[in-house]
Amino acid sequence: MKTRWLHFFELLWGMTEKELRARYKYTIFGFLWLVANPILQMLIIGFIFTFFMKEPVEHYYYYLFIGLLVWNFFSLSLTKATPSIVFERALIKKAAFPRAIIPLSIILSNLIHFLIALVLYVIPVVFLGTLSLTRLPYIIGAIGFLIMFTGGLSLLLCALNVRFRDVNFFVQAILIIWFYATPIMYSLTQMPRTLLWLWRFNPLTSILQLFQYAFLGAPPPGPAMLASNITVIIIATALGILVFRDESKTFDDWV
Amino acid sequence: MRVKRLTIGYDILESYKIMNKSNNREEIAIRLSGISKKYEIHHEKPTLVEQFVKGKNETFWALRDINLTIKKGERVGIIGPNGSGKTTLLKIITGITTPTSGQVKTYGKVVSLIDLEAGFHPDLSGIQNIYLNGMLLGLSKRKIDELLPSIIAYADIRQFIDAPLFTYSSGMALRLGFSIAVHSDPDILILDEGFGVGDLSFQKKNKKVMASFFNQNKTVIIATQLLYYVRDNCNRVIILHRGVCKNDGSISMIKKYKHQQFS
């Protein structure tokens with residue numbers, strides 16, 4: 001039993017290394033793309049949206065950047081993990097290894113990128129003076145929820161995508177909407193109070209608010225928001241694990 | 001007092017069970033009981049809409065109620081016309097897919113020589129691919145460290161071992177895949193059709209390896225159309241026909257099978 005788990009993690013790490021090694025091979029800037037991407041996004045959104053904001057968000061470029069980092073981790077993981085089982089059909093047909101390795105290695109490799117970018121982000125934030133060590137638990141909690149939600153949702157979506165290839169297109173479409181439904185470019189304080197219940201269904205709300213609170217002192221998520229978001233996270237993760245466990249037995253029949 | 005006696009009785013029962021189990025492990029390599037496999041036929045890409053509109057899909061039974069016990073050291077040839085369920089049976093034994101009903105029990109490590117190049121990443125070097133592929137076949141990292149020189153030597157890749165895999169010829173990649181698979185030290189080796197890999201000298205080497213597998217008392221299961229290969233290498237033949245086990249016995253059945261085929 002113990003060796004089985006050891007082998008699971010060895011294989012998971014091996015596949016993650018493959019993802020990491022293969023991604024920036026033959027690129028000139030390599031790892032730099034990691035931060036260049038969100039910086040470019042931050043600059044253009046920051047430039048345009050400051051014209052529309054009625055009440056400006058404090059440290060807006062920093063606010064944008066952390067939101068984009070989290071969002072890029074989430075959306076990239078989902079877009080790559082959803083079709084992953086179908087893409088790796090040759091592996092499925094070759095050997096009987098734990099299938100969850102395929103989507104989880106994608107998420108793990110993205111997570112490593114995300115954490116490196118996060119460390120780089122902390123450096124300028126230190127000079128802002130909004131950081132304090134007491135906020136560290138919030139960051140860890142936010143990362144934990146983010147991993148849970150991304151992992152559970154990815155397992156669910158990639159398992160469903162094996163039978164219903166529509167799921168991949170659905171994810172691509174929904175991610176565009178989801179971006180605007182998440183407080184990345186705006187703050188919930190700018191939204192009408194009567195509509196706030198809408199964000200309770202989007203777990204990324206609390207996750208982002210925790211990050212924004214911990215790094216920049218933006219308003220933290222309220223207890224009702226946090227509770228309902230965590231409920232959604234737990235449901236999605238449990239559903240993902242259950243569906244994946246059930247479906248993974250017959251992946252070979254469908255790819 | 002009564003409680004104590006009960007526990008003693010239980011202990012004896014348990015130890016008897018364990019003994020029985022270890023006995024089984026020594027003898028039996030694979031036990032299939034009541035294996036059936038149903039596939040859903042999809043004429044086109046399955047979509048959500050189709051699923052909801054049609055409700056039920058057409059189905060096809062690839063295997064029906066297969067009962068099979070293969071002992072350790074047996075060399076089983078599975079023969080039968082195309083579409084008789086040979087590959088499905090091998091996939092179920094390997095654990096690549098799960099039967100619709102029935103139970104599979106395998107004792108020991110099962111490695112199949114299907115899709116030898118699968119799992120290679122074109123941008124990674126030969127060595128990196130050996131690690132990845134070996135782990136997919138169930139080897140630990142430490143074991144691969146140990147086996148690495150022997151895997152490389154056997155595959156005969158030489159100076160290309162540090163080069164990315166996309167620079168390999170297809171023969172080299174196949175050889176590497178084959179080398180990893182045979183080094184993974186399987187207790188049960190599964191061969192599906194078309195395992196004549198590589199050029200002549202490599203095939204000679206393969207023959208030797210296969211012979212050593214046969215001599216080491218390893219369980220080998222071969223699905224093929226090459227009757228002479230089964231005749232020369234197996235000591236048990238299973239004839240599948242439309243998903244049903246038609247015959248199961250010694251290699252003398254091959255003659256009967258040939259006869260059936262032609263009549």
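Note: Cβ is positioned from N, Cα and C throughout, glycine not excepted.
For A:28-53 (among others), the entry in TrEMBL reads transmembrane segment.
The annotation domain 'ABC transmembrane type-2' is assigned in TrEMBL to A:29-247.
Annotation comment: TrEMBL describes A:59-79 (among others) as transmembrane segment.
For A:100-124 (among others), the entry in TrEMBL reads transmembrane segment.
If you look up TrEMBL, you'll see A:136-160 (among others) marked as transmembrane segment. Beyond its flanks by at least six residues, the transmembrane segment (A:136-160) meets 70, 73-74, 77-78, 81-85, 100, 102-104, 106-107, 111, 115, 167, 171, 203-204, 206-207, 210-211, 213-215, 220, 229-230, 233-234, 236-241, 243-244, 246-248 of its own chain at Cβ-Cβ distances under 8 Å.
Residues annotated as transmembrane segment in TrEMBL: A:167-188 (among others).
Look at TrEMBL and you will find A:224-244 (among others) tagged as transmembrane segment. Using a Cβ-Cβ cut-off under 8 Å and counting only residues 6 or more beyond its ends in the same chain, the transmembrane segment (A:224-244) has close neighbours at 99-100, 145, 148-149, 151-160, 196, 199-203, 205-207, 209.
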Revision key, fill the gap. Per the Cβ filter (under 8 Å) with a sequence gap of at least 6 from its ends, the transmembrane segment (A:59-79) is approached by 37-39, 41-42, 45-46, 49-50, 53, 106-107, 110-111, 113-114, 117-118, 121, 124-125, 128, 130, 146, 149-150, 153-154, 157, 171-172, 175, 178-179, 182-185, 187, 204, 207-208, 211-212, 215-216, 218
